[in-house]
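For reference, the structure discussed in these notes is given below.
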Amino acid sequence: MDDLDALLADLESTTSHISKRPVFLSEETPYSYPTGNHTYQEIAVPPPVPPPPSSEALNGTILDPLDQWQPSSSRFIHQQPQSSSPVYGSSAKTSSVSNPQDSVGSPCSRVGEEEHVYSFPNKQKSAEPSPTVMSTSLGSNLSELDRLLLELNAVQHNPPGFPADEANSSPPLPGALSPLYGVPETNSPLGGKAGPLTKEKPKRNGGRGLEDVRPSVESLLDELESSVPSPVPAITVNQGEMSSPQRVTSTQQQTRISASSATRELDELMASLSDFKIQGLEQRADGERCWAAGWPRDGGRSSPGGQDEGGFMAQGKTGSSSPPGGPPKPGSQLDSMLGSLQSDLNKLGVATVAKGVCGACKKPIAGQVVTAMGKTWHPEHFVCTHCQEEIGSRNFFERDGQPYCEKDYHNLFSPRCYYCNGPILDKVVTALDRTWHPEHFFCAQCGAFFGPEGFHEKDGKAYCRKDYFDMFAPKCGGCARAILENYISALNTLWHPECFVCRECFTPFVNGSFFEHDGQPYCEVHYHERRGSLCSGCQKPITGRCITAMAKKFHPEHFVCAFCLKQLNKGTFKEQNDKPYCQNCFLKLFC
């Protein structure tokens, strides 16, 4: 356990220098060989029954084929001349001298063209701890190991860069090389005490490493895997495969993943998950998804590399090998999202019954629906025919089976006011074969609105009663006002009955008789007065003979002397102070 604590401390101190490739040591270090004493002894006669695989083999702790054991001083190759079967070697934990019955092997069939030697190193323990102390120590070390692996994963996203030639190069693979056992030089030729075996690691680029003293990450992980048993076997072996130790060991050796390949697969998995989050919506055009659940698709058995037998990666990506295309168009992306949503709801058992077919796009309606004009519409497709604006919850008008918004409908189809030429939205007045706003239908002369008495029309214009009669009704010859009701027609004009009187005395004409002078009606007296046919003596009109004297007219019997009152019929008279006198009276009075 002290060695395990030291390995954990060294692993924690070297995590900041880890690259994606494991660091191979250029020379031997104290960490390159186990601390326990190992013995080696050639097997002369193979036993009939091979031993069962150890707990490390069942837990998946199989040494890398690259690992080779060599002694600290020299290396010898031992091959059995007559048998090419691999040798299973086991070493004791406490004894320092090997026992021929402690290490056994079995002949097996030849695998490939090379010989394999499988070794299970065991560590020497100074003292056997109690089970309680052992479990507590293992639990704490496992927790520390989990924390260090998390730090290792974090370092993998920001690794220190190697030079181009080292980053692109990979460690040399074993190829067709045979596994080698290194036997140290001892005093005894055979069966003596063997020195500590050292584990030789291949070197990167001719033996160059990041550090010559620090152990590599792969060697540390190998030591940890061999020291701490895993509670759950990583590899499942069928019962039919347990009959042959060589088959079990070969399967375990093929499925073992090194630390560098595991971290590389972890990086690929994280990158695939990131791509799935970004391009998840773009790759669901057919409505199918591959969920990143961690189990293989189609019921296939998952392989250690993270790829199932069906050939799909359980990383959230589809099985298509074609690269993802460019971003789809907004319309196709919307249709793809709607189709994926509907398929997902159907998979979950949620029934998505279409509410109808849109009258515009002829597609089924699954969300909000607008019902109008006996049809169903998508809300975004129920628009005005003229301006193409969404009508929504506003009022609309129908014309020839097409919807129109209120503004466009009135501008296109509403009646126009004759006065302002604007559309009539509410009440309308129809007059004179035209349409009007109620507030624009008024008297053309005074601008007053028409009352209950109505209006009068003249030359296509509307007038109130007063203005119409004032402007167009016949005028009275006496008062010059419009004649609205009864009238008298005389002297080529119309008269109010109360206005047809003598223009001098304003006396109504009795029996309808009147005298006209200069276009005006007069009574008889004023008529003769105006004409001068009134007797100057009696002040009555002269209808018969008359005498004209002193610029006056007289009845013959009324032309008399102003003093004696005798009729002046002879035609001679004297005038004095505008009065007529006979000859005798004139002589008497003025002579």
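For all residues, glycine too, the Cβ spot is worked out from N, Cα and C.
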Quiz item: Swiss-Prot tags one of SER137, SER227, SER336, SER343 as phosphoserine; which one?
Solution: SER137
Quiz prompt | phosphoserine: annotated position in Swiss-Prot, out of SER13, SER272, SER513 | solution = SER272
Quiz item: Any idea which of 265-276, 445-456, 577-588 is down as motif 'LD motif 4' in Swiss-Prot?
Solution: 265-276
Quiz item: If one measures from the C-alpha of SER340 (phosphoserine) to the C-alpha of SER332 (phosphoserine), what distance in angstrom results, rounded to a whole number?
Solution: 12
Quiz item: Could you count the residues of the motif 'LD motif 5' (333-345) that DSSP puts in helix, in strand and in coil?
Solution: 13 helix, 0 strand, 0 coil
Exercise. Specify the count of other C-beta atoms within 10 Å of the C-beta of SER533 (phosphoserine).
Key: 14
Quiz item: How many whole Å apart are the CA atoms of SER332 (phosphoserine) and SER533 (phosphoserine)?
Solution: 116
Exercise. Using DSSP with the three-state reduction, classify SER332 (phosphoserine) as helix, strand or coil.
Key: helix
Self-check item: Number of Cβ atoms other than its own within 10 Å, given for SER332 (phosphoserine)
Solution: 10
